[in-house]
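Written out below as C-alpha cells is the structure these notes cover.
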C-alpha cells in the first residue's frame, strides 16, 4: 500500500493528466483557437460575394441591400476576390510562421500560462475586428484586412508551442505517440466545432460567425489564465518521466556498439543523477535547437505536408461549394469528414509507432497511401456520401501524419539525449517544426488560388500529390535508418532464440 503523501502525489498527477490536459484547459485552448481559425475558411463564399459587385455574383441580395452594394465591393469580380482570399491565407501563415519561431523561444523563458492567455485573448479581439466590426461599420479596406491578419497570425502562433510544452511537461516518452496522437485531435475537433458554429449562424451573415467564435475563444483564454497549471512543479511534484528511455535520442548517428554501451551504463548514470543536487533547467538557443538531430528533416517534411493539410483546411468548403454547386452551409458540414479521418489517423498511427518504437516508418507508409488517396479524391463524383467517405480516407492518411509530426514527434525531438540537463527546449523545437511547416503552408495557399484560377482544381490535386511525395523524400534517411534498426533487432532476437 502507498503512503498517504505518495497516494496524494499520484492522485494529483492523474487528476491533471485527465482534467487539465485531456478533458480541459490545455486541449480546449487549441480547440477554441482552431474553431475560430476555421471560421474564415467556412465563410469564404459569403465574403467573396460581399466583396464583389452585384452583377458579378448571383448571391448578392442575400448578403447586402442592392442600393448599398456598389459602395461595398473591393474587387471587380469573384476571381480577384478569390486571389485576395488566398493572399490573406498566405499572409496569415507567413506571420504565423515568424511568430512560431519567436513564441517557442519566449515560451521556454516566460510562464506558459501567460503566453497562452495573450495568444488566445488577443487573437479573439483581432478576429472580432476583422470579421464583425468591419462589416457592422461597412469598412472595406484591403490594407486594414492585411494588417489585422498579420497581427492575428502573430498572436495565434503563441498557442501551439505552449500547449505542446505543457503536454511534454506532464507526460514522458512512454506511450507518447498514442497520447499525443489522441490529444492532437484537438485541432480537428476545433475544425469540426468551427464548421458547425459557422454554418449554424451563417444565415444571419458571416459577421455573426466571427462574433460567436471570437467571444467563445476570448472566454476560454480567461479560463486558461486562472485555471491552467503548466507543469508538475506547480503542484509540488518533480518532473514526470514515465519511461527510463524518455531522454534517448529519437534518431542517432552512432553505431550499435555505442548504443549498447549507453544501455550498459544507464543504471549507473541514473544513480549518479540522483546523487546530484537539483538544477534549474536552462533554455537553449534557437540555432542550437535547430541543429538538434532530426529537427531539420522533420521540419522540411512538415513544410510539404502542412501545405497539403492546410490547403484542405482553408479551401475545402470553398472547393465543395464552387466545384459541386452545394450550398455553403452543406459544404461546411461535409468538410468535417476530413477532420474525422485525421483524428482517427493520428491516434491509430501514434499507437502503432509506440508499439514499433519508431515513428518515421509509420509516417512514410501513411504518406504513400495519402498520395493514392489524394488521387482518388480528385475524381470524386457529385455524391455527398461517396465524397464524405473519400474525405475521411484522405484525412486518415494525410491529417494523421500531420498531427504526429506537430505533436508527438516534436515532443520527442524536444526531449532527446542532447538536452539532458537543459530540458527547456520543448516550445522552441515545436516552434521551429511548426514554423517551418507554416512557411510551406503560406507559400502553398497563394499557389493553390493561382493554380486553381489558371489551370483548375485537378492540377491543384496533382500539386498536393507532389508535395506529399516531397515529405517522404525529406524523411527517407530517417526511414531507412529506423527500418535497418528494426531489421537488426529482429535478427538479434532470432539469434538469441
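Including glycine, each Cβ sits where the backbone N, Cα and C put it.
Model, not experiment: these values are computed from the prediction.
Record features, source TrEMBL:
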DOMAIN    30-483  domain 'Major facilitator superfamily (MFS) profile'
TRANSMEM  12-33  transmembrane segment
TRANSMEM  81-102  transmembrane segment
TRANSMEM  114-130  transmembrane segment
TRANSMEM  178-202  transmembrane segment
TRANSMEM  208-229  transmembrane segment
TRANSMEM  295-316  transmembrane segment
TRANSMEM  336-355  transmembrane segment
TRANSMEM  362-379  transmembrane segment
TRANSMEM  385-405  transmembrane segment
TRANSMEM  460-480  transmembrane segment
Segment confidence, the domain 'Major facilitator superfamily (MFS) profile' (30-483), expressed as mean pLDDT: 77
Recorded stretch that, among 208-229, 295-316, 336-355, 362-379, 385-405, has the most CB pairs under 8 Å to the transmembrane segment (81-102): 295-316
Stretch in 114-130, 208-229, 385-405 most in contact with the transmembrane segment (362-379), if contact is a CB pair under 8 A: 385-405
